[in-house]
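Working notes, beginning with the structure itself.
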Amino acid sequence: MSASYRYAVRAALLYLLLSMIWLQFSSHLLNSFFDNSAELSRWQLINGYAWVVISAGFIFIARARLLRCLGIGAKLRERSEDRERLRQAAAVFDCTREGVLVTNHDGLIVHVNRAFIQITGYQSEEVLGQRPSLFKSGRHPAAFYQAMFATLQSKGEWSGEIWNRRKSGEIYPQWQTIRLIHDDHGRLSHFVAVFSDISAIKNSEHELIRLAHHDPLTDLPNRLLFTDRAQQALTSAQAQKRGCALLMVDLDHFKMINDSLGHTIGDHMLKAVAERLAAMFGPGITLARLGGDEFAVLAESCPQLVQAAALAQRIIDGLKEPFLIDEHQLFINTSIGISLFPGDALSAEQLLRNADSALFKAKSAGRNGYALYTEELTAHAQQRVELAFELRRALEQQQLRVYYQPIHDMPTSRMIGVEALVRWEHPERGLVSPAEFIPVAERTGLIAEIDAWVMRQACQQMCQWQQAGVALSFVAVNVSSRLFARRELYQQVAQVLRDTGLDPAYLELEVTESAVMEDPEVALEQMHRLRELGVRLAIDDFGTGYSSLLRLKRLPVQKLKIDQGFVAGLPGDEDDGAIVRVIIALAHSMGMQVQAEGIEQVEQAALLLELGSHLGQGYWFGRPVPPGQLNWAHAPAIG
Ligand code: C2E
Ligand code: MG
Ligand code: MG
């Protein structure tokens, strides 16, 4: 019982006792003194007044005592409530699931709670006296902490997500609130940080995002994520002026697998298809499952439609290999619709729609194939891809041949050299011209193999001729502009010369004028290295590549070959005649030989000889033929 209450009770009892004594006394006194009732009632009135006055006095005294007692009691109560509150706070501090860290105004840690120890893995003695920077993850830039302190200064509180490091070194996300504490004088006394480990929330957040954006069966991106990524890819492709291709891949008659073998096998099959597709592609290609048996592929860098078509063919071929699903060997054909950016559409949505209609075309064209959004492109691309595919096989099956075309010294009419020209003996189409397949080989990268092979054949052939006593000054070999810029060309030429044992002075490399002028500095360096090997260098198709005369002068080249386009106009066309004259004068002024190609008539040969071009090549001297058919004795007289 509190002291104030005891005082109140005591005062009340005393008051009651005195009232009873007074009543007893006053009634006794009144009865003995008065027999007259009027007098009695007057005394009773006075008695009443006296009672009121005495009561008021008592109340006044008791009230003062009581208030004093109650004042003391309030203080006592306050103190005990404080104690209670502290006990509760301590319990909260220790039992809360949030980590709590208190630092003094210097930023040194003075308190941590149990949850702090559990979350961070540090014991309190390891962190007391240390600074909270001990837990820095290194994930946030200095600006992040500067902004945090600025908010603390201005608002007295900061809340936010922050990545910190546990004692184990693991980095984890926290939701943290930091508050400034001031003392009674308003001075900063402490910082209190309360935080919770939100890794679990983050994980489930990630899981939710993943579920919303991925197909649960194959774990591939779904349509939503695919469209989003495609749009991003298009934006960056546009900035970099790149082409992209979107392929919609659909499995033919997949329903039959579901219907005949059940949905479980169907699901396993879809998973296997997804895995096989994923294994086919490297970076720069996004694969997604749009739903059912429909997949989408986005090639972020696809400059030519032929590359998109080749990719489609690769997918079709790749999925043709049998799948082993739960002991069933399953075969599947694929149809693909292709839409190109920026040619067919500019947005991801539109590309998807176009690819879808192209897919419909592929399906209606008999399935197991691909179709482009634009029909002419489909046919064109198909031819090219087929050609590329067949060309690869042609190399393996040795369907390529080297033909040689004679080059004559016109003043003496003697054959002094040959140019090696590649041919493709196609089993069905007969002899295919390099003008048709060299561009395809250049685009598919097969050109390196082809040129290396031709060079080796030509050098071997030259050695054989030399051994047979044929006196040729050189064999000329064409070098693709694609290879000319590559450093490996030098090694390749050196290797072929070493392997075949041909004296480098007998090998002439023809490089087109445009290849030289594409990057003149690289060309200059490359030519000097090749010259060091001892081979001769000629510029092919001269007059078509807008050479800078200054640059031309610096090139270590021995020969200019006048392009056959100018020769064709001779002798009638005055412009062609003027150009040919200039080229010959130019070559002579730089100490180079001149060789005219495409000479079909004797008049052309005669004029060229007259103008000073001593070397001639063309049907009039002889067509390109297999090595065994070269006519060594043939010496057509010009004059
Ligand atoms: P090029 O190097 O300018 O070869 C000359 C082309 O003109 C050859 O065509 C040749 O057959 C043709 N030609 C020769 N004399 C005459 C003529 O009097 N009249 C006409 N109309 N044409 C004549 P071809 O063999 O079809 O080769 C075409 C081009 O293909 C070559 O032009 C060359 O750039 C390229 N090429 C040929 N073989 C190879 C090779 O092994 N590697 C590389 N990278 N390119 C090659
Ligand atoms: Mg040539
Ligand atoms: Mg030429």
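Heads up, the Cβ atoms here are built off N, Cα and C, so glycines get one too.
Sequence annotations record features per position, and here TrEMBL assigns domain 'PAS' to 85-130. Feature annotation from TrEMBL assigns domain 'PAC' to 158-210. What TrEMBL lists as domain 'GGDEF' is 242-375. Residues annotated as domain 'EAL' in TrEMBL: 384-638. Sequence annotations record features per position, and here TrEMBL assigns transmembrane segment to 7-25, 45-62.
Highlighted: of the candidate stretches 85-130, 158-210, 384-638, 384-638 has the greatest count of Cβ pairs under 8 Å to the domain 'GGDEF' (242-375).
Computed over the domain 'GGDEF' (242-375), the whole-number mean pLDDT of the model equals 89. Residue counts of the domain 'PAC' (158-210) by helix, strand and coil are 12 helix, 30 strand, 11 coil (DSSP-based).
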